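Among the features that TrEMBL reports, repeat 'PPR' is placed at 8-42, 78-112, 113-147, 148-182, 219-253, 254-288, 289-319, 323-357, 358-392, 393-427, 428-462, 463-497.
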Amino acid sequence: MYQSLGAHRLVYRSRIAFCVKTGRIENAIQMFDEMTQSNCRVFSVDFNRLIGVLIRHSLFDFAHQYYTKMGPLGFSLSPFTYSRFISGLCQVKNFTLIDELLHDMEKLNYVPDIWAFNIYLNLLFREGRIELALEVFERMVQRGREPDVVTYTIIVDGLCKIKKYDTAIWFWRDMINKGLRPDNKACYALVVGLCGGGKVELAYELTIDVMKSGQVKFSTKIYNTLISGFCRAGRIDKAQAIKSFMRRNGSEPDLVTYNVLLNYCCDELMLEEAEKLMKKMERSGIEPDVYSYNQLLKGFCKANRPDEAYLLMNKMESKELCDVVSYNTIIKAFCEGSDVRRAYKLFQEMRQKGIPPDLVTFTILTKALLREGFSNIAKKLVDQMTEIGLSPDRIFYTTIMDHLCKSGKVDMAHTLFCDMIEQGISPDVTAHNALINGFCKSYRVSEALHLFVEMESRGYYPDEVTYKLIIGGLIAEKKLSVACRVWGQMMEKGFTLDRASSETLISASSREFAST
């Protein structure tokens with residue numbers, strides 16, 4: 001009798017395995033149900049096998065159903081199956097069921113394997129559940145699951161992304177103290193995280209020993225991040241030293257390395273050095289790309305040498321490396337040099353050459369044309385923008401409004417503000433401030449106050465600039481009692497006023513108090 005039931009069980013297992021092998025999972029489930037309802041005895045291993053199959057096919061609801069049937073039968077999943085189940089549930093972010101499984105594992109004195117532990121930890125950091133992630137880490141360590149380099153990499157990366165640099169550094173040092181050797185990914189996470197927070201010196205200090213030991217071959221990405229960090233910090237000497245070091249360690253500088261250094265040289269107007277870098281790139285077999293040339297264009301324009309920039313752009317065109325950014329850079333330089341006619345000619349040239357202008361192009365030119373009094377051409381330009389399918393955005397409207405207000409054309413700016421709203425573009429605080437400034441400078445503070453009240457109805461709250469503009473306008477029109485009330489609101493929001501305005505309002509408040 002027992003032998004026949006055992007043979008019967010083997011037949012079921014064989015049929016279930018065949019269904020799984022041929023991809024007929026529904027048939028495998030039906031066969032398992034028949035098996036459990038038959039006279040033959042089912043073991044824990046049978047449930048583990050089926051649930052393992054269901055997890056592999058992401059059928060987590062079915063897996064949970066069969067999991068709930070195991071307990072009353074006195075069965076449990078193996079640590080391996082528990083770990084695979086948790087890993088699978090991380091894909092669908094089913095935190096409730098993961099918590100249930102972890103709780104059940106704890107009762108059985110099981111611990112998830114390091115693979116599942118790391119996947120769950122990574123999910124918690126990605127979802128912003130930082131405190132829970134750190135709690136899970138502590139609990140797992142207490143229960144004997146030793147973290148590996150991947151674990152620490154996940155934690156360091158996650159903490160740096162939320163700017164908890166001190167805690168990230170503590171975990172980094174804990175990893176080193178435990179004798180774990182950081183790999184390239186761990187170093188990259190730390191360096192990128194700290195450099196992103198402006199802590200390049202610290203990133204260098206914490207990785208220099210790993211770098212010099214030769215135990216880990218740093219990727220070019222890590223070197224480039226450090227070079228970029230030191231350039232942003234103004235430490236070109238350190239950046240150059242790392243470039244030399246990476247070459248000695250068998251990592252050749254790439255296009256990104258040179259572009260980072262080019263960007264620094266052009267920002268600092270070290271144009272001779274920038275041109276030498278371009279030549280060095282070419283000698284090293286690295287062709288400068290459009291970004292490289294655009295950096296040099298930017299440098300020439302920043303140094304007020306737009307003619308040289310224009311000649312360089314002609315060279316770029318011969319290499320087919322000219323884009324809208326190239327043209328925008330020189331158009332802006334001509335506009336800032338009050339050579340708006342040449343800028344407009346360049347705009348026409350780019351269209352003839354098949355390089356479509358973008359919103360930045362139109363914003364730069366429109367602002368310059370209005371400043372120089374070419375309002376008719378500016379209007380045509382806006383019409384052209386619409387014709388090619390470009391809709392003015394908030395930045396475009398705000399830039400033009402700000403210019404009109406500063407030029408005393410407040411009514412025109414107000415019309416543009418209303419047009420902006422009609423087009424479905426909600427003006428932000430900066431846009432409101434531009435118009436408020438125009439009203440106040442034109443001694444139309446009542447209109448500025450009306451706009452000030454309207455801001456909140458649109459879901460935007462006045463910032464420190466808004467309050468200062470309104471109070472300044474009220475002081476200018478001698479409306480000191482109203483200015484005092486607005487100042488009170490400003491202080492409630494935690495903003496401060498400049499000393500001269502504060503003293504004016506304090507004096508006004510004292511006089512008002514004395515007269516009562």
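Yeah, the Cβs are placed from backbone N, Cα and C, and that goes for glycine too.
Nonlocal intrachain contacts for the repeat 'PPR' (358-392), taken as residues 6+ away from its ends with a CB within less than 8 angstroms of a stretch CB, comprise 324, 327-328, 331-332, 335, 338, 340, 343-344, 347, 350, 399-400, 403-404, 407, 420, 423, 425. The average pLDDT computed over the repeat 'PPR' (358-392) stands at 83. Distant neighbours of the repeat 'PPR' (463-497): 429, 432-433, 436-437, 439-441, 443, 445, 448-449, 452, 455, 504-505, 508-509, 512; these residues of the same chain sit at least 6 beyond its ends, with a Cβ under 8 Å from one of its Cβ atoms.
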